[in-house]
Ligand code: HPA
Ligand code: ZN
């Protein structure tokens, strides 16, 4: 099963690029930018990655992002992630970035996006990985700040396919961002939102109704509403589930308790993703392996996660067909 999962073509739809900053690169960037860190080594930093909930993770994650300062830093960050994708047979990835985490520290928007975009272009030409970029608003910040971020993004519209919503779900419900999401849609952006990770099933319902989303990020608390479950099956609204993240942030106690396989078997359009792999203990292959170690599945069921992700992705129909054929071919030939 390990070899089957390793070789399976994969599509990632829920990855925060700042969450792929490994301690070793963080130390290298801190040195390059002459910053001092409150840890003596990457190993010591990695040991601090024990979280009680989403907020305890976010505090450390935003601290780590301070090491990112120049366009080259954002390039190096993104390139390291793409090399990791290549090893995991990730053929397409849709990457989140959090501009406010950087612009609030005085790093210009163009420094952030140009560094990330240059690496994504190179990932396509040198590694054959296709990609899209999604800009997230930080939900703990104000609506006005989100609107200002949307305005800052307009000159870079050709590089950004959609907008999303991340950071602290508790206390910052979807309706806070209904207006800015409407503005983003009027500018031609697609929309997604984190919902039902720590927050209730109602946040999923409200994100669908008020934010016009094409996908739900996480969404695992949908099981708390039978009506919502029926709607998700009927509409085939995709869920970008992040198994290792959910264990690290204690959304579930252990992988055996995770509901992703139950959701798959009930016919929801669930996908497997890594979220913040540098912090949560693994990239795409690790996430697939963790789920399949805890839940017995057939090859076809495992491959269904990739097929669902291809259908849920923001690529054109011709490329979707090409990628689905690649997965079917793999299923025919893999032993
Ligand atoms: N949830 C909310 N915000 C985030 C996450 C997450 O899993 N990762 C990075 N920002
Ligand atoms: Zn996330």
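Just so it is clear, glycine is given a Cβ too, placed from its N, Cα and C backbone atoms.
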Self-check item: Zn(2+) site partner of 14, 16, 275 (as recorded in TrEMBL), chosen from 92, 102, 194
Solution: 194
Exercise. Within the same chain, and leaving aside 14, 16, 194, 275, name every residue whose CB is within 8 angstroms of the centroid of the CB atoms belonging to the recorded Zn(2+) site, in sequence order.
Key: 15, 19, 96, 166, 217, 218, 240, 242, 245, 273, 276
Practice problem: Write down the Cα-Cα distance for residue 276 (substrate binding site) and residue 194 (Zn(2+) binding site), rounded and given in Å. | Solution: 14
Quiz item: Checking the binding-site residues 14, 16, 275, 276: which ones have Cβ within under 6 Å of ligand 1?
Solution: 16, 275, 276
Practice problem: Tell me the Cβ neighbour count for residue 194 (Zn(2+) binding site), meaning other Cβ atoms within 10 Å of its Cβ, over all protein chains shown. | Solution: 28
Quiz item: Is any of 218, 275, 276 (recorded positions) within Cβ reach of ligand 2, i.e. under 6 A, and which?
Solution: 275
